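J.: If you scroll down you'll find the structure; I have some questions about it.
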Amino acid sequence: MASQNQVSSSSPNIALIAIFDFTQIFGFILLGIVLLTAALATTVRRSPAWFNFLSTWVLSCISYLVTLGQQTGEMPHSSICLLQAMLVYAAPAVTVTAGLCFIIEMWRIVSRVGASSGRGTVTFRDYGILIAAPYVVHLTICIEVLVLGLKHPKWVTRDKTYMFCHLDSALPAYITGTVVICVIVIAMAFVASTAIHIRKHMAASRLFQGQQVANIQKMVVRFGIFTILPVFGLALSVAQVSARPRGVADGILTIAIGTLPAGAALIFGTQSDIMRVWCFWKKPTTSKGPLDMPARKVSESV
């Protein structure tokens, strides 16, 4: 056991731990509802990159729930604690990388308007790369944390908020932070490029109806807003790593970060076609926007 590794001298705040666990469970449930709705409803059509993006947030929730019920009292077994540390440090990177792949997919589709032969087409090979890339990043960071944890077993301990396990070192947090910042900068560049292309080309294209353009614009805005949110989460994380333990304040900051999965579910799960599925008393309508095409037709859309 690793009970001697507990470095925090403060006692756990049970109420804050319970709230944090609730945010993760709530986000997990909401994401599950959104994903199942999109997968099973015939009137909702989403691409593999969209499903992958939200699935990485499910993985993030699971990462923080590994030690559910073991957050107070005796330390979890060192192997379980190290496993959670690996997943927790990898979670921000996998979610933002999946987000980058999602916006690249949108950029490829909308940039096809007015382009010649195949430019902008999203092929099955492209989808393989877009789906696999986030998990390559995830695995890389997991291995990095595993190596550090095995080399320095005393680093493997609970976070000072008692909410999850981590490594008692700033190094893995800064590595993850660097990856997240780089990916977010690239993602925002693609968001801006996509928005500019929509403004210049798509609105005037005969291949798109006004409602289709509006739907894509809304999707880009939603993603742009959500891409900014991890920046605040990262800033809060760095503040926690850099500052001395502050008890309740640290717990509240961690809870704020913990609301991101639910935010993802609400931002991407409240689109009109998904909401119409739950309004079963209304006559369903099929969305025909280019980004809502079935996966097998995405490369042929627009």
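Placed from the backbone N, Cα and C atoms, the Cβ positions cover glycine too.
For 14-37, 49-66, 86-107, 127-150, 170-198, 219-239, 251-268, the entry in TrEMBL reads transmembrane segment.
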J.: Using Cβ distances below 8 Å and needing 3 or more such pairs, separated by at least 6 in sequence, tell me whether the transmembrane segment (251-268) contacts the transmembrane segment (127-150).
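T.: As far as Cβ distances go (cut-off 8 Å, pairs 6 or more apart), the transmembrane segment (251-268) and the transmembrane segment (127-150) do not touch.
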J.: Please give the sequence-distant neighbours of the transmembrane segment (14-37): residues at least 6 beyond its ends with Cβ less than 8 Å from one of its Cβ atoms.
T.: 44, 51, 54-55, 57-58, 61-62, 64-65, 68, 71-72, 161-163, 248, 251-252, 254-255, 258-266, 268-269, 274, 277-278
